[in-house]
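Participant: According to Swiss-Prot, the record shows the following:
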- 1-15: topological domain 'Cytoplasmic' (TOPO_DOM)
- 16-36: transmembrane segment (TRANSMEM)
- 37-47: topological domain 'Extracellular' (TOPO_DOM)
- 48-68: transmembrane segment (TRANSMEM)
- 69-355: topological domain 'Cytoplasmic' (TOPO_DOM)
- 236-255: region 'Disordered' (REGION)
- 246-255: compositional bias 'Polar residues' (COMPBIAS)
Amino acid sequence: MNGDEKLGIWLYRTSLVVLVLFFVGFSVVVPIDAMAQASRSTNDALNTFIVVGAFVAFGVLSIIIAVGRVLVQRSCLQDIPKGYLPITPEDMPHQPSRSMILEQMDRSHKLAVLLKKPKEPVTHDGLARPDSDDHGLPPLLNYEDSIKIITSRLKYQGVFSNLVKLDSDTGDTFATIARSMSAQNKLSSSEAAEYIKLYEAIRFSGKEITKEQFLQFMDRSIFFLDSLISTGSIEPRSHRAGDGQKNYSFPPTRAQNTLTTPLQQYVTDYADNESVDTTNIIFPRSPDYALESSSALHYLTTTNTSSTVARKVTPSSYRKDFSGLNETASEEAFRGNNHLKLNDNESYDSVVKRC
């Protein structure tokens, strides 16, 4: 800023101060003079009119000046574009302010280039990534919904596939069911407690489920299922006296495969229906879980598992994978896929280290 600009600014400010002082002085003198003139007059009506009129004129003039200033300022601001930045000396005479604005603009440009595409994969809690995942999770898998489905099947349908008989009330919680199953099958109470603690932390913490928590819960769920299988909780059940039902075992024997069960009949009738979820109907179920209505049968055979991490098996994929296997090969494949070869009372941590 040169000398002429500084002189002009000082003249502008000085003249503004002088005019304001004159305006305030005359505004104060006018009412006082009006009252002094009225006091010398003998006409009371005229005196009252002069005094009241002076105060009213002063108030109206002050309001007009204030409102006019506001309207003029707003009209000037409306003419400025919304995306305009005051970076010129005419708009912002203060040099440090202009320099700060220009520096921040340069910094924003550099950050935009750096942050346009993140270098590391972005993973949000509660949802799987939309692209391929190194852990084999489906794209955009909702962790909370998957855990709800898994725990509901464990509670209402046995261990994922009606493998264990549950004598529980509808109002029992998942923790109660898990403790009851671990006690009935003589599993480690500490393992069951850790499994329940992890479930409650995931479901009731109020925070989004992380990928690590979801994978840990799936590992412990599989370990819990395999522990129940290893303890013999799904060994052949003898029929109860007088119930008129046949013995079943898991996996089914050749004699049981020759029997016609309601589930087998359902699969036969709808063998060409690709929408039928056969995850729960590959093997005949125990008579303890005999279905008493067609609606229950339809629910078990059409329950959607596409939102879980379990593979959805359709009739065509089942025939493609297992049609060429004989009974012995099928049983060996089942044992190889469903058992971790647990030792008696082996803990979850020891299995992880061994694998």
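Each Cβ is built from the backbone N, Cα and C atoms, and glycine gets one as well.
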Participant: If you run through the topological domain 'Extracellular' (37-47) with DSSP, how many residues end up as helix, strand and coil?
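Facilitator: For the topological domain 'Extracellular' (37-47), the helix, strand and coil counts are 8 helix, 0 strand, 3 coil.
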Participant: For the topological domain 'Cytoplasmic' (1-15), jot down how many residues DSSP puts in helix, in strand and in coil.
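Facilitator: Here the numbers are 13 helix, 0 strand, 2 coil.
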Participant: Excluding the flanking five residues on each side, which residues at least 6 beyond the ends of the topological domain 'Cytoplasmic' (1-15) place their CB within less than 8 Å of a CB in that stretch?
Facilitator: 93, 95
